[in-house]
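Structure, as structure tokens:
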């Protein structure tokens, strides 16, 4: 039998199956995710775009995010009926507002271009989870969906350049921090297993040395407790755990805890801070770039300022016109009455 091995020349004869599948997917996205079916729809998209991307609408959405954050801060257990009713109505209003905003943007931009922006994907996910929470409001045990409403606060980054910059810098360091996190987990695992093997038997054999003969909450009897006690050491709370270990053992606990503090806390955790702070240089934070939404917020405030100036100018012109008319009327009267009325006008 003769075996045939494909060569590079064979690959150049035509597109591969992967390329064909990718081409079909892209064509499907262009057909179903770009909504430009007729001129009526295009006019409707243009009208929706003028509304949803207006600076005052962006300012209104930003104010809704701020007020919604305050409403979520007032939510607590055992509220009175009136407070609960107000917060529930507020949740309905803000959820509907954000859902309408996401829907209008989806219609104005078409799905292909809408989901190309990260913030739009984030908004869509939060809106979908909020609507899911309202739909499953009566189901018990799904209160965890309420916590996703807190993510709406991060939408402020769209109109807050510094917060947007901080989030982007932290996102860029996720890769390096992920590698360092893996190293930290290995170190915690090593010290947890070492402490369990070295001191676990002492805790079970000499637990009568503790008050009431009960084991302390922080011990090395099993892996889970060892893992938590090593994590506690990395957080800086290691003195009490070391005294408990010496209470059932001997001075060999001291080098173990000192090694854990030095290697885990003073070395690895400081590497975390050094890696994170290296990306937060003064040059990066000195001039945060403003995106489109931020410029729209500034434009909205600029419009409000121009409107206030226009109102002040027109009110001043009205007062001047009224004063001039009164002055002309007084000038046509006899001199005695004229002096009295002029003194009365200027005194006012």
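Heads up, residue numbers simply count up from 1 along the chain you see.
Using N, Cα and C of the backbone, Cβ positions are placed for all residues, glycine too.
Keep in mind that TrEMBL annotations are predicted by a computer and have not been checked by a curator.
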If TrEMBL is the reference, give me the range from 20-39, 160-179, 180-199 marked as transmembrane segment.
180-199
Transmembrane segment per TrEMBL - which of 48-71, 216-239
48-71
